[in-house]
Each structure stands twice: as structure tokens, then as C-alpha cells.
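Worksheet: the structure to be examined is printed underneath.
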Amino acid sequence: MAENQKTATLSLDGTTYELPVLSPSAGPDVLDIRKLYGQADVFTYDPGFTSTASCESKITYIDGDKGELLYRGYPIDQLAEKSHYLEVCYLLLYGELPTRAQMEDFEYRITRHTMIHEQIHNFFRGFRRDSHPMATMVGVVGAMSAFYHDSLDINDPWQREVASMRLIAKLPTIAAMAYKYSIGQPFVYPRNDLSYAENFLNMCFSVPAEPYKVEPALAKAMDRIFTLHADHEQNASTSTVRLAGSSGANPFACIAAGIACLWGPAHGGANQACLEMLREIGSVDKIPEYIKRAKDKDDPFRLMGFGHRVYKNFDPRAKVMKESADEVLDLLGIHDNPTLQVAKELEKIALEDEYFVSKKLYPNVDFYSGIILEAMGFPTSMFTPIFALSRTVGWISQWKEMIEDPTNKIGRPRQLYTGATFRDYVDVEKR
Ligand code: SDX
């Protein structure tokens with residue numbers, strides 16, 4: 001251990017162990033327990049990883065108490081206002097904001113990877129029309145491993161780069177195709193003359209029967225939603241991608257695993273669940289009944305879009321999303337939207353209620369996003385697919401960082417075993 005290394009002391013059964021304390025560039029110190037089991041023959045216990053740093057990363061930093069979110073050091077509110085999604089993708093992937101020339105090259109490469117292999121269209125037709133688009137996305141993204149054989153070798157930097165470009169570029173195409181398939185409309189091909197967000201809106205809402213013009217202000221709102229969802233440290237789906245990637249699985253399989261995890265209502269599925277909850281509440285006078293249920297330990301109901309493992313203050317993304325909701329609804333001429341009225345009143349009441357205040361429960365990224373997406377014309381079933389396509393750059397940036405870390409090893413946690421200890425087999429006649 002280095003001479004001036006800061007340490008923590010653990011005393012166990014009369015033996016003292018010195019644990020190195022690692023200092024971050026921001027956030028809490030980290031106790032390095034990598035050698036603890038070998039030295040003290042004990043495991044640490046942290047289901048849900050509430051107090052556990054699973055990796056070292058330089059990509060995204062969250063200060064839950066301050067309600068701060070930084071992508072490579074840049075605050076999310078400044079990026080949402082001044083940047084755009086593809087520039088944020090470059091920043092997350094490569095660590096620095098691009099020069100104009102770097103941005104043009106990156107945009108050119110992404111744009112020319114937006115089409116998917118024509119045969120992949122057949123996969124969609126194997127699903128029921130009423131399949132949830134997330135089911136289709138998990139299936140189709142995983143199946144990309146069966147097509148893009150020249151970008152499966154994770155040890156080849158060029159193949160890692162191509163797989164990253166393909167995933168960032170093709171996820172919107174796949175999400176839009178899942179939507180079109182669910183409503184029985186023909187697939188719309190990507191267009192190279194449109195921006196990333198314009199392309200997605202065009203692939204979702206245009207039809208061959210008439211021209212479709214993307215409203216620039218809606219494209220800007222869509223682009224901002226992509227940026228707000230791009231990455232978020234070691235959340236459940238990112239940890240899933242890292243764990244899948246640690247076995248050497250190909251990038252398409254790893255991202256499919258991340259999509260599967262994101263689907264859960266406690267995670268990315270909360271945006272759909274939140275809007276459905278707001279609709280179920282229906283009017284402001286019904287709010288107290290639902291607040292009461294959310295506080296009732298015997299009632300599994302929780303306020304969807306509220307609370308967060310890390311944020312014990314406002315989720316900065318929710319603040320930007322709330323402002324954007326007002327802008328988009330105003331732009332679309334939607335006034336007195338009952339769902340937005342319920343959301344704003346619910347937020348106000350909850351933030352004055354001792355239960356939510358004491359538990360530091362605030363609106364999270366999912367609380368307002370559904371109101372915007374619904375106003376833009378998306379069904380609730382498309383909310384989590386939009387979260388997934390936005391988060392693909394975060395997943396792939398974290399995956400790339402892990403693969404390129406020379407200390408990377410397969411993730412293999414241990415357990416606190418409380419089951420039966422050794423016993424001999426008993427023949428059925430003696431049971
Ligand atoms: C995302 O991790 C990320 O970064 C995720 C994400 C990302 O960008 O990747 O930010 C995206 O997933 C946002 C979260 C979306 N999920 C929801 O909105 C679902 C509703 N929220 C909860 O299920 C919950 O808040 C979680 C899952 C988000 C966080 O759960 P934790 O950290 O495990 O906290 P907890 O469940 O232990 O709750 C602490 C207390 C509990 O009460 P006590 O047992 O201490 O008495 O707060 C209560 C909970 O019952 N609580 C809630 C609540 N959330 C927590 N009570 C009512 N309504 C809620 N929403």
C-alpha cells in the first residue's frame with residue numbers, strides 16, 4: 001500500500017484489517033474491499049447496492065443531495081439548453097465536446113447507419129400486432145447479433161466503434177418500426193436529410209399517403225428528451241449492460257439485456273406507469289386518496305415518477321422536463337390538459353406532505369416526460385422504447401469504458417447463504 005495511502009480500519013475477531021480508501025474527483029470516498037475476502041474470509045452484504053460502487057467511471061456524475069447531473073463534467077441543464085443529442089452522444093462516447101469538423105464526421109457516420117438490414121423486417125412480422133414495443137425491441141436488438149457479424153468482436157477497437165455507431169443509429173429506426181407495426185402502418189425508412197430527432201418523428205408519424213412535415217419546435221423538444229435520458233451513472237439497466245458485457249457477450253446482446261431491464265416499472269417503465277397513474281387519478285380532487293394509498297405500507301401502490309435511489313432533491317431532468325411540458329403543450333395549443341393539471345397539483349401536494357418530505361421523495365425524470373410524449377402523439381406503450389433509444393448511447397459508452405479498462409474482469413457477486421446445509425439424499429420410500 002502506498003505510504004500516504006488513506007485507509008479505513010476494520011477490526012474482526014481480534015484481527016485488524018487496513019482497507020485502502022480511494023478518493024474520487026467528486027462524490028464520496030470509496031473503501032476498496034477487493035482483497036477483503038482473501039484476507040478476512042468475509043463477504044460484504046449490500047443487496048440492491050445501496051452503498052456499493054460497482055466500478056470506476058469517468059462518464060456521468062450525480063450528486064443526489066444537490067440534485068446535480070453532469071455528463072463528462074457538463075451540467076445537464078446547460079446541455080439541454082445549449083447542446084443537442086448527437087453532440088451529447090459524442091461527449092459521452094469520447095469524453096470531450098467535438099470540434100465542428102468532428103461533429104460533422106460523427107453525424108455523417110451515424111446518419112449512414114440508420115437503415116437496418118432488410119431481412120430484419122421479417123422479425124417484426126413474427127410478433128403479434130399487440131405486442132408491447134419493448135418486447136419487439138428486446139427481440140430485434142438481440143437479433144442484430146445474427147446480422148452484423150463484422151462488429152461482434154469486442155477485442156477489436158474498430159468493431160467496437162462500428163457496433164456503437166450501429167446501435168446509436170439504428171435504435172430509433174427499430175423503435176419506430178415497432179410502433180408502426182403495432183398500429184398496422186407500413187414501415188417508414190430513415191432519411192439522411194433529416195436530423196436525428198426529425199428522422200425519428202418522421203419514421204413514427206409520416207405515412208406514404210401524404211407529405212409529412214416535422215414541426216421544428218417538436219423536433220427540438222424530442223431532441224431534448226433524448227439528451228435528458230442519455231446516461232445516468234450505474235442505474236439498474238446500465239449495471240445490467242456492464243454485467244452482461246463483463247462475460248464478453250457481444251454489444252448487441254448486452255444492449256438487449258439493458259432494454260429488458262429498463263422495461264421494469266421501477267425503472268424505465270415508470271414513464272408509462274406514471275401517465276397511466278395520472279390518468280387513473282383523473283382529477284385534482286382524487287389526489288388525496290392516491291397520496292393516502294402511496295403512504296400506506298400495506299398498499300403496494302407507489303406514486304410513479306416519484307422517488308429515486310440517488311436523488312434526495314429535485315431530479316434536475318424533471319425540472320427541465322416540466323418546463324418543456326409547458327412549452328410543448330402551448331405549442332400544440334393544448335391548454336388545461338387535465339393530466340398536466342393533476343401532475344402539477346400532485347407534485348405540489350406531495351412536496352408539502354411530511355411523508356414525502358421526510359423520505360426526500362421528489363419527482364424524477366419519468367414524472368413529466370409522459371405528458372410531453374402523449375401530447376406529441378405517442379401512445380404510452382412507446383414511452384419506454386423512447387427512453388431505451390435515448391439511453392443506448394449511455395449504455396454503449398459505459399460498456400466501451402468497461403471493455404477498455406485493463407482491470408476489467410467478469411462480474412461474479414457472492415451471497416449470504418441461509419439455505420439448508422449439507423444433508424444426504426433420502427429415498428422416496430423414507431420421506
Ligand atoms: C428511473 O437509478 C436511476 O438512475 C434510474 C433512472 C435513470 O435515469 O436510469 O433515474 C430512471 O428509473 C427513475 C425512477 C423511476 N421509478 C419510479 O418512478 C417508480 C416509483 N419510485 C419508486 O419505486 C422508488 O422511488 C425507486 C425504485 C425509484 C427507488 O427506490 P429505492 O431507492 O429502493 O427506495 P425505497 O424503495 O427503499 O424507498 C425508500 C422509502 C420506502 O419507504 P420505507 O420502507 O423507508 O418506509 O420511500 C418510499 C418507500 O416505500 N418510497 C415511496 C416511493 N418511492 C419510495 N413511497 C411512495 N411512492 C414512491 N414513489
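Just so it is clear, glycine is given a Cβ too, placed from its N, Cα and C backbone atoms.
What TrEMBL records for this protein:
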- HIS308: active site (ACT_SITE)
- ASP366: active site (ACT_SITE)
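Note: the Cα of ASP366 (active site) and the Cα of HIS308 (active site) are spaced 11 Å from each other.
A C-beta separation below 8 Å, combined with a sequence spacing of at least six in one chain, links HIS308 (active site) to GLY64, ASP315, TYR362, ASN364.
The Cβ of ASP366 (active site) has 29 other Cβ atoms within 10 Å, all protein chains considered.
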